[in-house]
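What Swiss-Prot says about this protein:
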DOMAIN    1-62  domain 'Tudor'
TOPO_DOM  1-221  topological domain 'Nuclear'
REGION    52-117  region 'Disordered'
MOD_RES   Lys55  N6-acetyllysine
MOD_RES   Ser59  phosphoserine
MOD_RES   Ser67  phosphoserine
MOD_RES   Ser71  phosphoserine
COMPBIAS  73-90  compositional bias 'Basic residues'
MOD_RES   Ser86  phosphoserine
MOD_RES   Ser90  phosphoserine
CARBOHYD  Ser98  O-linked glycosylation site
MOD_RES   Ser101  phosphoserine
COMPBIAS  106-117  compositional bias 'Basic and acidic residues'
MOD_RES   Thr128  phosphothreonine
MOD_RES   Ser138  phosphoserine
MOD_RES   Thr211  phosphothreonine
TRANSMEM  222-242  transmembrane segment
TRANSMEM  269-289  transmembrane segment
TRANSMEM  310-330  transmembrane segment
TRANSMEM  337-357  transmembrane segment
TRANSMEM  427-447  transmembrane segment
TRANSMEM  458-478  transmembrane segment
TRANSMEM  492-512  transmembrane segment
TRANSMEM  572-592  transmembrane segment
MOD_RES   Lys605  N6-acetyllysine
MOD_RES   Lys612  N6-acetyllysine
Amino acid sequence: MPSRKFVEGEVVRGRWPGSSLYYEVEILSHDNKSQLYTVKYKDGTELELKESDIKPLKSFKQRKSGSISSSPSRRRGSRSRSRSRSRSRSPGRAPKGSRRSVSASHEGDVKEKKEKEMRREILQVKLTPLVLKPFGNSVSVYNGEPEHMEKNATPYKDKQERIILSTEDRYIVTQYSLRPRREEVKAKEIESEEQNLVTKGPAPLGTFQVTTPQRKDLEFGGVPGAVLIMLGLPACVLLLLLQCRQKDPGLLHFPPPLPALHELWEPRVCGVYLLWFFVQALFHLLPVGKVAEGTPLVDGRRLQYRLNGLYAFILTSAALGAAVFWGVELCYLYTHFLQLALAATGFSVLLSAYLYVRSLRAPREELSPASSGNAVYDFFIGRELNPRLGAFDLKFFCELRPGLIGWVVINLVMLLMEMKIQERAAPSLAMILVNSFQLLYVVDALWNEEALLTSMDIMHDGFGFMLAFGDLVWVPFTYSLQAFYLVSHPHDLSWPLASVIIALKLCGYVIFRCANSQKNAFRKNPTDPKLAHLKTIHTSTGKSLLVSGWWGFVRHPNYLGDLIMALAWSLPCGFNHLLPYFYIIYFTALLIHREARDEHQCRRKYGLAWEKYCQRVPYRIFPYIY
């Protein structure tokens with residue numbers, strides 16, 4: 001392996017891409033695999049340069065005229081006309097000893113010509129917009145990531161957000177990839193793409209809009225992984241529900257016998273599910289609740305969201321109470337639970353197909369950063385980032401409304417069915433704990449609905465099969481598995497053991513809520529005196545990473561709290577079977593995978609600052625374990 005010539009922190013001169021100009025830069029890091037140095041210019045720009053494009057400071061002689069600029073953002077066009085030119089840069093210098101005979105008007109023409117040549121040289125730099133993947137969520141299934149322990153003091157400083165053009169430069173770039181200058185002449189189609197990255201409007205102030213590139217490094221195993229997930233998840237839901245209905249749901253009786261096809265389909269059940277979905281959509285459209293703005297998109301826009309999830313939950317609860325009072329048979333949902341899950345699955349597939357077809361006509365800047373250009377993968381991950389019908393945001397609505405509120409409704413039905421089947425005058429203590437724990441989780445998510453706007457689901461992932469199936473099928477029908485299990489497999493829970501489980505639940509909830517609240521408070525106002533005791537690491541993006549408090553304990557304290565709560569609402573089911581613990585097993589695997597995605601993205605975005613953060617906070621989720 002070739003030895004490195006420069007070390008981190010060393011100040012050197014780096015060649016500006018596509019030109020012969022060298023500027024003062026600081027070495028941030030070195031990639032042994034690609035043999036590229038990550039450097040930072042004085043204006044904050046970070047590039048990857050080859051070693052041949054970096055020179056030590058001593059190899060440059062300082063000129064009195066200051067012909068070598070200290071920052072790539074400084075242009076010679078801003079110099080005073082009376083300042084003498086560098087000998088190497090003078091376009092028309094008279095022989096030594098002679099007097100300049102050029103008129104003032106001719107001098108201006110020569111200077112203007114020189115400025116145009118320099119601008120044309122710099123504009124030939126090949127530009128590759130870098131889309132940094134935002135992520136994090138503090139509610140529901142997916143919870144906050146370290147990404148949102150940050151606060152950007154300058155709202156549009158990030159390269160993926162709005163970039164303001166100076167009157168002097170008339171152009172801007174986001175992230176660059178250095179190419180040999182022999183390749184500056186490209187095909188016409190490449191040149192036309194570059195023109196989209198340069199703003200040349202006559203207005204003194206312009207806005208540069210970055211288009212959303214498509215990913216090349218596919219997640220979830222790429223296309224084969226997406227196909228397996230799309231086939232495997234519906235089969236998994238079906239097998240779980242069938243197994244739970246058996247008298248003995250142990251592993252020795254797996255797989256369960258499959259019912260006849262006519263038992264899996266009933267048109268009336270489909271009508272019930274559609275009614276539920278559209279009633280929740282109607283609640284979402286009610287003009288009540290706060291209207292919040294989302295994070296800036298790549299073109300600088302901020303979408304508006306109506307935050308009335310808690311109102312929808314209250315209206316749903318009132319409607320259910322009225323239904324019970326009027327004698328509506330809610331047990332219908334239990335007796336047709338399997339058909340209801342299949343109806344929701346079919347609806348999610350049709351919704352995913354609609355979303356993909358409509359995304360084919362969506363502008364490029366509205367596509368998801370996770371999209372790839374492959375039809376199968378994009379159907380799975382989602383091609384359009386924020387599909388909307390007018391002001392109705394389909395992805396935001398499905399994240400918390402039909403599935404999460406439906407989860408609570410299913411739990412209530414299971415509680416009523418336990419009393420009916422087991423001939424109880426009151427629900428069992430185990431059923432009460434399961435319902436109470438999960439109700440608290442859902443209400444907390446709806447109460448903090450605004451935190452969803454900074455989640456990976458909203459900011460990064462498109463709306464496709466992955467989120468549609470997860471929100472509409474996976475959450476309500478697998479997260480309610482403990483209550484479904486207790487209907488046919490009762491478990492008598494003693495009060496001392498119940499007290500321990502309650503304490504465990506409260507411990508997990510305190511960690512989960514305090515970590516997310518601390519993160520959200522720091523993101524909104526990092527100068528809050530209440531947060532003055534927290535230590536941070538500043539990053540080159542202008543944001544800071546928390547390295548004390550809950551976020552100095554582990555990198556994902558909210559994940560830790562989430563997993564403790566998941567264990568607490570599985571324990572009331574006892575230890576006779578493994579089935580009630582499916583959620584904690586699945587959720588652990590999900591959060592470990594999610595943490596790995598977050599780690600990869602943060603390392604690319606923050607570079608050396610993220611390395612320092614990992615040294616300060618070595619444990620990812622489980623302290624002293626992982």
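Even glycines carry a Cβ here, placed using N, Cα and C.
Between the CA atoms of Ser59 (phosphoserine) and Lys605 (N6-acetyllysine) there is a gap of 32 Å, rounded to the nearest whole number. Residue counts for the domain 'Tudor' (1-62) by DSSP state, with H, G and I taken as helix and E and B as strand, are 6 helix, 28 strand, 28 coil. Confidence annotation: the topological domain 'Nuclear' (1-221) carries a mean pLDDT of 53 in the model.
Note: the stretches the transmembrane segment (310-330) and the transmembrane segment (427-447) are in contact (3+ CB pairs below 8 A, sequence gap of 6 or more). Here Lys55 (N6-acetyllysine) comes close to Val12, Arg13, Gly14, Arg15, Tyr22: these same-chain residues lie at least six apart in sequence, with C-beta atoms under 8 angstroms from its C-beta. Note on the transmembrane segment (222-242): residues 254-259, 337-338, 341-342, 345, 374, 376-377, 379-381, 465-466, 469, 473-474, 477-478, 481, 484, 579, 582 of its chain, located 6 or more positions outside it, place their CB under 8 angstroms from a CB of the stretch.
Considering only the modified residues Lys605, Lys612, the Cβ with the fewest other Cβ atoms within 10 Å is that of Lys612. In the three-state DSSP reading, Lys612 (N6-acetyllysine) counts as helix. Cα of Lys612 (N6-acetyllysine) to Cα of Lys605 (N6-acetyllysine): a span of 13 Å. Taking all protein chains in view, 9 other C-beta atoms sit within 10 angstroms of the C-beta of Ser59 (phosphoserine). Within its own chain, the transmembrane segment (492-512) is flanked in space by residues 143, 428-430, 433, 437, 440, 444, 550, 557-558, 560-569, 571-572, 574, which lie at least six positions past its ends and keep a Cβ under 8 Å from the stretch.
Outside the transmembrane segment (427-447) by six or more residues, the chain places 139-140, 309-310, 312-313, 400, 404-405, 407-408, 411-412, 414-415, 418-419, 479-480, 482-483, 486, 490-493, 495, 498, 501-502, 505, 509, 513, 565, 568-569, 572-574 with a CB less than 8 A from a CB of the stretch.
Within the chain, the transmembrane segment (269-289) has long-range Cβ neighbours (under 8 A, six or more residues past its boundaries) at 306-312, 315-316, 332-333, 336, 339-340, 343-344, 346-347, 392, 397, 401-402, 405-406, 472.
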